[in-house]
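Participant: For reference, TrEMBL lists these features for the protein:
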type: TRANSMEM; residues: 6-28; note: transmembrane segment
type: TRANSMEM; residues: 81-102; note: transmembrane segment
type: TRANSMEM; residues: 114-132; note: transmembrane segment
type: DOMAIN; residues: 160-306; note: domain 'Palmitoyltransferase DHHC'
type: TRANSMEM; residues: 204-229; note: transmembrane segment
type: TRANSMEM; residues: 236-257; note: transmembrane segment
type: TRANSMEM; residues: 269-288; note: transmembrane segment
Amino acid sequence: MEVPWLLVVHGSVTALVVVSFLCGQWPIFEGTFIQSINHFLTFGAYHYLLRFVQSVCGTGARDLVLGVERYCCDRPNPILQVFYVAIIGVTYFIIVQTSFEYIPGYYVSGLHRYLSVVAVAVGAILFVLTSFSDPGTVTAENVSQYVSSYPYDNVIFVEKECSTCKITRPARAKHCRICDKCVARFDHHCGWMNNCIGEKNTRYFVAFLVWHFLICLYGAILLGFILAGELKERKIIYIMTVYYGIDNSFSGLFPHVAQWLLAVHNTQILLSVFLAILALLLGGFCAYHTHLCLTNTTTNETFKWQDYIMWMKKENEAKAAAAALKSSIGSANSNEHKAPPSKWRAFFMRSRSPSVEPVVKNNIYDRGMITNLCEVVVPLSERKAFSRRKLD
C-alpha cells in the first residue's frame, strides 16, 4: 500500500508546482499560498541562489552566474533549442528501446511504429519553421505598409519613433531587445525557438504547440494501452483474484496492480507520467494562444491592456473619491444648521461607496473569430494589398 500513496503524493506535489508556476499570478490566487509559491519559483529561488553562491564562492562566482544569465536571457543563443532536440531525441529513443517490443500488442496495432515516426518528424518540421522563419521584421523599406495595415488605437499604441531602429514604430509592433529589431504584431521572444514570435510565424508557433500537445497526449495514451494489453495478455487480474484471493474491486486490485506495473513496467509508467505532465503544460499554452488568435490579441498587448486597465481603475477611483469628498463637504455646509440625522440614516449614508466608472477594453483589431484566424494563417504582409499600401 505504500507505493500507490507515494505516487499520489508525487503527483499532487507536481501538480501543485505546475499550477503555481503557470497560474500563480491569476487574480483568483491573489493572497494565497499558490501566489507565494509562484513568487518563490519565479523570483525568490534565483535570489536565494545568488546569495548562496556569493556566500560560498565569493563575488566572482556570483558575477559568473549573472554573466551566464545575461548570455542565456539577454542575447540570442541556441541553448534551449539544443535542449528541445535532446528532450525529443532521448524520449523517443527510450520509447523505441523499451516499448516498441510490445507493438503490436493486445490493444495496439503495429501501425503505431510508423505513425510515431511521422508524428515526431512533423513536430521537427514545425520547430524548424518557427525557429528560422522571419517573424515579420519591420524595416525602412516596409514600415509605411505596416503603418497603413495596422492603425493606431491611441490607447495602448500611439505613433512614435523607435529609438533604436530610428523608424516609425507601427501599431502592434515592438523592438525586441534580444533580437535587436522591430517585429510586426509582436507576441513575445521565445527562447525555445531562439526567435521572436510575430506576424509571420505565429501560425507556425501555434501549430507547433498544438501538434506537440497532441504528440504527448498520443504517447501517454499509447503507453497506457500497452500496459493495459500486458495486463490482459498475462491475465494479471485473473491470477490475483483467483489464485491470490484478492477482492475483485478497484480498491482491492489497484494497489496490487500498481505494484506489479511498477515492478515490471516501471519505464513505461515513468514515460506515461512524463508525457501526461507535458501534455497538461502544453494544453494550457495551446488554450491561451488559441484564445489570443481568436480575439486578435498578442501576449505583448495583453500585458499592455492589463497595465492600462489597472491605471484607469486607479484614476477613476481617485476621481470618484474626490467627487464624494466634494459632495460630502457641500452637504455638510448646507446641513450645518439642520438637526443631525438619525444614527441609522447616518450609518447607511456612510456605507455608500462612491460609484466608479467601469473601464472598457476596446480592441479595435478584433474583427470576429473567422477574420482574426485568417489574419494569423495568412498574415497581412503576405497579401497583395499590402504592397499597394502607402503611408498617408
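Glycine is no exception: its Cβ is also placed from the backbone N, Cα and C atoms.
A TrEMBL annotation is a machine prediction, not a hand-curated record.
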Participant: Compute the average pLDDT of the predicted model within the domain 'Palmitoyltransferase DHHC' (160-306).
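Facilitator: In the predicted model, the domain 'Palmitoyltransferase DHHC' (160-306) has a mean pLDDT of 92.
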Participant: Who are the long-range neighbours of the transmembrane segment (204-229) in its own chain, taking Cβ under 8 Å and residues 6 or more past its ends?
Facilitator: 95, 99, 102-103, 105-108, 112, 116, 119-120, 122-123, 126-127, 129-130, 133, 187, 190, 193, 197, 261, 265, 268-269, 271-272, 275-276, 278-279, 282-283, 285-286, 289-290, 293, 376
Participant: For the domain 'Palmitoyltransferase DHHC' (160-306), DSSP counts of helix, strand and coil?
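Facilitator: Taking the domain 'Palmitoyltransferase DHHC' (160-306) as a whole: 91 helix, 16 strand, 40 coil.
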